[in-house]
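Okay, so Swiss-Prot annotates it like this:
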- 10, 346, 347: Mn(2+) 1 binding site (BINDING)
- 305, 310, 358: Mn(2+) 2 binding site (BINDING)
């Protein structure tokens, strides 16, 4: 029986990519800089202290993959761990350093076209676009229209939004149109309807995602984003390994978290919503228990990116990694004879880096299974090597990009 479990540690890069200069990211290193700060005692909080401790990920080769990526071991990680899995690092072919590009490339379909972006920091959106959205949604106006941090924009505009009923429109360096609205005063259903309108109106702009950002709270300093985020993505430009498994093998793909949204539902046969790393772990375990032959269980752990990377919270990121590492054996112990477990990322988001955006980095490729030989996979030229490996594993037709490392 063949089953693959893919765990994406969203934003967990392991060193600047060779083309990082094109993105202003030379020297970025999400893992390395977190480990360095921890080792210096600069990432202590109520949940953790001291050096970054990831014994289970190190056994799977994480520390070695980081060394192969950057030329040096990350501070404090166990460089002498007994390696029980295959490990490597992968560079990105895709033109961007965003979530859809990274995930699609992991599934064998790199994004070789250029996304559309809203590059102006203020007055970011064309008036004709916002006019059409407001007219269709029957709204009197909007707030924002700028590049913004998702939490800061709530403090800046949340109270005015609650008073006026006008949605908050904002963007970032990614190919996104984000809409923040209060779940209680504006309504979650109204927000999702508004986002669908925006998705349709953005078709000519080649924008990757419209993101619904619902929040709650009584006022400034007390607003919190909820777990009802929704990503409305465009469809991948070609069949991913997910789609091929379903179409060619009658297989199953169980999405946990926001995976289904990222692939616009393409190739997804079942989806489970879960919020927060503990709940995502629990949902993943339940999916593995239920998984039959020719099944992919695919989980995105978004909190590494959204709660810690973008917010430049080194201590929070480190604590989340250590929690993840502590629970990893629960999944490893569930693997059957022919199963494979793949741990990877979709881009970097170095919490020590200037600004709040993603960073162009190599991603880890850690593979574990009873029949997977331990050792180095070396440098992979594209994330699509993962998709091609899955194509060989499940015996589907080949992907156009990538080389299998089986």
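The backbone N, Cα and C atoms fix where each Cβ goes, and this holds for glycine too.
Set these features in their place in the structure for me.
According to DSSP, residue 346 (Mn(2+) 1 binding site) sits in a coil region rather than a helix or strand.
DSSP assigns residue 305 (Mn(2+) 2 binding site) to a helix in the three-state reduction. Around residue 305 (Mn(2+) 2 binding site), the same-chain residues at least 6 positions away in sequence with a Cβ under 8 Å from its Cβ are 10, 11, 99, 349, 358.
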Rounded to an integer, what is the Cα-Cα distance in Å between residue 310 (Mn(2+) 2 binding site) and residue 347 (Mn(2+) 1 binding site)?
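Distance (Cα to Cα, whole Å): 12 Å.
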Measure from the Cβ of residue 358 (Mn(2+) 2 binding site) and count the other Cβ atoms within 10 Å, all protein chains considered.
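A 10 Å sphere around the Cβ of residue 358 (Mn(2+) 2 binding site) contains 30 other Cβ atoms.
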